[in-house]
Structures are given as C-alpha cells and as structure tokens.
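Record features, source TrEMBL:
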{"type": "ACT_SITE", "residues": "Tyr139", "note": "active site, proton donor"}
{"type": "ACT_SITE", "residues": "Lys210", "note": "active site, proton acceptor"}
{"type": "BINDING", "residues": "Arg192, Asn447, Asn491", "note": "(S)-malate binding site"}
{"type": "BINDING", "residues": "Glu282, Asp283, Asp306", "note": "divalent metal cation binding site"}
{"type": "COMPBIAS", "residues": "1-10", "note": "compositional bias 'Basic and acidic residues'"}
{"type": "DOMAIN", "residues": "116-297", "note": "domain 'Malic enzyme N-terminal'"}
{"type": "DOMAIN", "residues": "307-560", "note": "domain 'Malic enzyme NAD-binding'"}
{"type": "REGION", "residues": "1-29", "note": "region 'Disordered'"}
Amino acid sequence: MERKMEKSTRSDSVLDMSPTSTVGGGVEDIYGEDRATEDQLLTPWTFAVSSGYNLLRDPRYNKGLAFTEKERDVHYLRGLLPPAITSQELQEKRLMQSLRQFEVPLNKYVALMELEERNKRLFYKLLIDNVEELLPIVYTPTVGEACQKYGSIFRRPQGLYLSLKEKGRILEVLKNWPERKIQVIVVTDGERILGLGDLGCQGMGIPVGKLALYTALGGVRPSACLPITIDVGTNNEQLLKDEFYIGLRQKRATGKEYFDFLDEFMTAVKQNYGEKVLVQYEDFANHNAFELLAKYGTKYLVFNDDIQGTAAVVLAGLVASLKLLGGSLADHTFLFFGAGEAGTGIAELIALAISKEINAPVEEARKNIWLVDSKGLIVSARKESLQAHKKPWAHEHEPVNDLLDAVKAIKPTALIGTSGVGRTFTKEVVEAMASINKKPLIMALSNPTTQSECTAEEAYTWSEGQAIFTSGSPFPPVEYNNILHIPSQANNCYIFPGFGFGLVMCGALRVHNDMLLAASEALAAQVTEEHYAKGMIYPPFANIRKISAHIAATVAAKAYQLGVATRLPQPADLVKYAESCMYTPNYRNYR
C-alpha cells in the first residue's frame, strides 16, 4: 500500500518543472499536505487504513463534523458523530468565536494547542486565515508566558525531549519519533528564552511555536517538522523548587559534558535524517550560541534564528527605511544598545551588506556601526576585557558610560535595541535622537513586550511624531497630532519560515551569509508605497505566505548560484514552484 500511495501522491506534472521532480524538496508527500496534491483522493492510513474511533482521534486526518455522508459510511463513523455535517469554514468561524471569548491570552494559547492535538488541519487553517490576530498567541509575547508556566499547562508531549539521561542513546531516542522524513528541526536548550532567562525544559514552547509558524507562514509540512528540547539542567532556582517542573532537577551541565552531548546530538541527527535536514538553534545563551554556530556551520545545515534570522529581518527593515531616510546603508550610522548574539549578529550582517555596497572589506564597513553594552560604549580601550564576539566592534573613541551620552557622541541615524532590558530608551534618549535626525529610526527589538526598550506611544510622543518606529513585539497604532502612526514589527517570522522553506525546497547543504542578504532584500522589496505612507517599513502579516514564497525562491536561487543546492535541475519558476510545494490545511476527501 505504501508504494501505491507514494505513486499516487507524486505530482510530476506540477508546473512541468522536471520529469523526476518530487514536490516538497525530494521527500514524498505521504499525507497529501502539498498544494499540488490538494485535489487528489487520499487514503487515511498509518500502518493500516485509519477508520472509526481511531480516525476521529488521529489529528492528521480528523475532520470532526466535516466528514461527508459517504466518508461516514466507508470509514465506520456512523453513530460516532452527531448527524450534522459542517464545512471547515464554519468550524473555523465557531472556533474563532470561542477563542475571542477568552480574556486571558494564555487561555487562548492552551485552547489552540489542544486544537492542534485533535485536528491539525483546522489548527493551521485558523492560524493562516487569522495570522495577525493569532500570531501574538502562538508566538511572542504569549509564548513567553506559556514557557514560564509550561509545567502547569502541560497536557501531552508535543516534541522530543533529549535529557542527559539519554546520553549515549540519542540516536535510539530519535528513532522513537513517529515520523521518519524530517526536514526541519528547531532545537533549544532553554537557557535564554526570549528575554525571560533560563527556563530549562519548559523552553519547549519555543520550538513548538516556531515550527507551527514554519508550517503556517512558510509552508513546511507539519509531518516534516520536529521540535526538540535538550535538557541539560537549569540554573533557575525557582524552577528547581517547583513541584510541577517537568525537567531535570539539577544545575546546568557545562564545558566538555555539554559540548559532548551536543556533538552526539548533531551526529545522530545527520545519521538518522540525512545531511539535508535543517537544524535551527533557538534561544541558546550567548556563550554557547556563537560557538555552536561556528562549530557546526561548516559541517551541517544549521541556522541560528537569534543571530542570523534577527539580523536578516532587521537588515530588511533598514533597507526598506532608506526610502524614507534617503541615501544608502553606507551613508548612515548605527548605534546598538545590547551587544549579545542578536546585536552582534545584526551588526555583522549590516557590515557585510555595506561592504558589498561599497566594495570594501568588512572591517572598513564596521566603522559605521557602534555598540553599547552594560559597561558603556564598546571602544578599543576595553578590547582586552571583551568577549570574542564584541571585539570587532571596539572602535577608537574615548570611553562613554551610558546610552544617552553615546547617542550625543556618535550621532546615529538608527538606534537599535537588543538589550533585553525594558524602558531603556528614555525620553531623553529619544529626544536626543530627534534633535539629531529629521526622521530618527527607533528599533526597540527586545521581547516580550515588557522587555521592549520603549513603547510605540513613547517613541512617537517623545519625537513629536517624527520617529520611524519598529519593535520586536506588537504595539497598537498611535494617534499623534491627528495623524495615525502604524508601528512596524521586526518579527523574525518574516524571515525564518520562508528562509528555511527555501533551503528545504532546493535541498541545500549549507547556509551562507549571501542567502541571508538575499532574504533581507526579498523582504524589503515587499514594502509598497502604501505601507511607506503609513510609516511602515515592513509589509503587513496578512500577506505572509506570499512573502515567504518570494523569500524561499530568492534563497533557493542563491543556493543554486553558490552551488550548494542538490535538487536538480533547478525549477524554471522558483516562486511558482515554492507556492506549489507549500502545505495547505484544507480538508481532503477520503476514499
């Protein structure tokens, strides 16, 4: 039956791309999840045809009251469902009505996760059709609270937990996951969840949420996604004393023990899923994140969203803002408040973009970019005491102790907050930026909302309506002097779903910085004059699937150009091909 199913779900004629093409990056579409297979009849099967009571409890195939009369007869559902037959659209309307009755965002989160556990297609249809409303629930800021309370709201495991108990057996444990054809893994060790710190094993909410967005926004099939939490302990005393904590009750492993465990994990992943599986690192602490990326970036298909994804989305905003600011990137000066993995990652990608723009070494381009950490402006006099990732930004300048003085001394065009410390862009700082620039660019990127360096209202008010404002978490529109200002959100969701999908689609073997630059340019190109008129430097999320398709196509094209794509021959129209490969959540008709 499996061979028959694979034959029936191949779509060799899709867009006439290739006589041997397989939709979805070379992995057979077993569950009929691609757009290209949407009109094909599907058999709901696991090891045998799923029917009756079991079918209603299989989230991949369950349609609830949407099962037709014929399907109820063929699959032994008579009496197991009320007699009414409803459409998926009506189910969606009813559920959205129910969700909107919850006043507490965490209750909405729990309800959505329970929906995913019983009906995946309906869950993703809700998320795709209502992305702007539901994104803050499944992602920042609500996912942060969910992680903090994960032990209390835990119902059923949604991913794979690899703890130190499994040392020496990781490959064996990976084989316990029911799906074999994995394309994207999002993994965290829970040490730096958003701006909330060490949440240990409860960080699982992040990989689960990220992969839900990979599917909803980027089109990666849910069966090809695997959320993983690596549990090496936690240094969070409150969690260690919490009777509901679900992880190892021990201090974090460090040094050789930690890196040996990560080595075993990466080796097992490649052995079990092949070299084209994308491993996305998420919310690792600075002292490990850079080392892991440097160590595995040349051997595996790996991507750190906090370093590279954040950098790409911020660069896209900067490129788009040039329409409002004028000039090129090289004409502007950038000041960062925060010099961790996000800040230095963004700074390095900006420097790379400038170096290509002016055809000069990256070292030269870095001179336009300044960073402030907890000890003040990073300058050459501090070089000996700096961590390795900060040293490239130690420029010649007298010491400056605080952000306000740094703004006055450096006179930046753009102020970029990646500190994880809330309310640090004070009234004096914003006023100083407004006195230096006609249109000061204020990017308060720290998540969740409580950690944002300033609010949209503060930025617009203190700059007397002149600021171009963007943040990491969503803020509502602000009216100032009878003008409605719509703040942009520099959300990683703009980049990582389409970026990852592009890598999977072309069978890429490695991630190159040129791919990140290409993704940034593709996103910036989606901002229209209508958006600029509202002060926006990012397009609305309502169009995110189309945006992701364009980003995926651009990334794939760059992979082919660099010679790291293995899916040959290259499709003639990468955008149309990306759209054809995207997961669609509409119900399928069963034999």
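Even glycines carry a Cβ here, placed using N, Cα and C.
Annotated features, which come from TrEMBL, shown on the structure.
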residue	record	Cβ neighbours (10 Å)
Tyr139	active site, proton donor	25
Arg192	(S)-malate binding site	24
Lys210	active site, proton acceptor	28
Glu282	divalent metal cation binding site	28
Asp283	divalent metal cation binding site	26
Asp306	divalent metal cation binding site	23
Asn447	(S)-malate binding site	23
Asn491	(S)-malate binding site	27
- Message: Between Asn491 ((S)-malate binding site) and Asp283 (divalent metal cation binding site), how many Å separate their Cα atoms?
- Response: 15
- Message: If you compare CA-to-CA distances from Arg192 ((S)-malate binding site) to each of the recorded positions Tyr139, Lys210, Glu282, Asp283, which comes out shortest?
- Response: Asp283
- Note on the structure: Looking only at the recorded positions Lys210, Asp283, Asp306, the residue listed as 'active site, proton donor' has its closest CA neighbour at Lys210
- Note on the structure: By Cα geometry, the one of the binding-site residues (Glu282, Asp283, Asp306, Asn447) nearest the residue listed as 'active site, proton acceptor' is Glu282
- Model confidence over the domain 'Malic enzyme N-terminal' (116-297) (mean pLDDT, whole number): 94
- Message: I need the neighbours of the divalent metal cation site defined by Glu282, Asp283, Asp306. Which other residues of that chain put their C-beta within 8 angstroms of the C-beta centroid, in sequence order?
- Response: Thr188, Arg192, Ile193, Ile206, Tyr281, Phe284, Ala289, Asn304, Asp305
- Query: In Å, rounded, how far does the Cα of Asp283 (divalent metal cation binding site) sit from the Cα of Asn447 ((S)-malate binding site)?
  - Reply: 12
